[in-house]
Amino acid sequence: MRSLLILVLCFLPLAALGKVFGRCELAAAMKRHGLDNYRGYSLGNWVCAAKFESNFNTQATNRNTDGSTDYGILQINSRWWCNDGRTPGSRNLCNIPCSALLSSDITASVNCAKKIVSDGNGMNAWVAWRNRCKGTDVQAWIRGCRL
């Protein structure tokens, strides 16, 4: 029993770090956070963007050629939206550390995404959305989900 407790305590911090969501699980979480029809974008748009940006992985990171990094389930960029402490000239318009975007709790990612989508370019700010989701049947991404 004691060794089981030690094992659980060792892995507990890992559970808080990040998560790979299921499609419907993410759709439900995004809906709870108010993304369904936010700025006119249906929930399917957001789920599609997350699929092609991060494969539903909150811990996804990708380094860009300009030295910035994209973080989290929606691949939010450190040049403009968050501070990672290593991107020169970071604007940090969401006023958050980039590490907050890697959590299994998607609140910081959703709140920042709401600022991004309100910034004038809408979801065109996400290259993967523009290339893989825009103009497609994005409702397919939430079809069969109990929302």
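Placed from the backbone N, Cα and C atoms, the Cβ positions cover glycine too.
According to Swiss-Prot, the protein has these features:
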- E53: active site (ACT_SITE)
- D70: active site (ACT_SITE)
- D119: substrate binding site (BINDING)
- C24-C145: disulfide bond (DISULFID)
- C48-C133: disulfide bond (DISULFID)
- C82-C98: disulfide bond (DISULFID)
- C94-C112: disulfide bond (DISULFID)
- 19-147: domain 'C-type lysozyme' (DOMAIN)
- 1-18: signal peptide (SIGNAL)
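Shown on the structure are the features that Swiss-Prot records.
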| residue | record | Cβ contacts under 8 Å, 6 or more apart |
| --- | --- | --- |
| C24 | disulfide bond | I142, G144, C145, R146, L147 |
| C48 | disulfide bond | W129, R132, C133, T136, V138, W141 |
| D70 | active site | E53, A60, T61, N62, N64, I76, N77, S78 |
| C82 | disulfide bond | Y71, I76, S90, N92, C94, I96, P97, C98, A100, L101, C112 |
| D119 | substrate binding site | A125 |
Local confidence of the prediction over the domain 'C-type lysozyme' (19-147), expressed as mean pLDDT: 98
Helix, strand or coil at D70 (active site) [DSSP, three-state]: strand
Densest Cβ neighbourhood among C94, C98, C112, C133 (disulfide-bonded residues), 10 Å radius: C98
Assigned element (helix, strand, coil) containing C94 (disulfide bond), judged by DSSP: coil
Densest Cβ neighbourhood among E53, C145 (recorded positions), 10 Å radius: E53
Per-state residue totals over the domain 'C-type lysozyme' (19-147) - DSSP helix, strand, coil: 53 helix, 14 strand, 62 coil
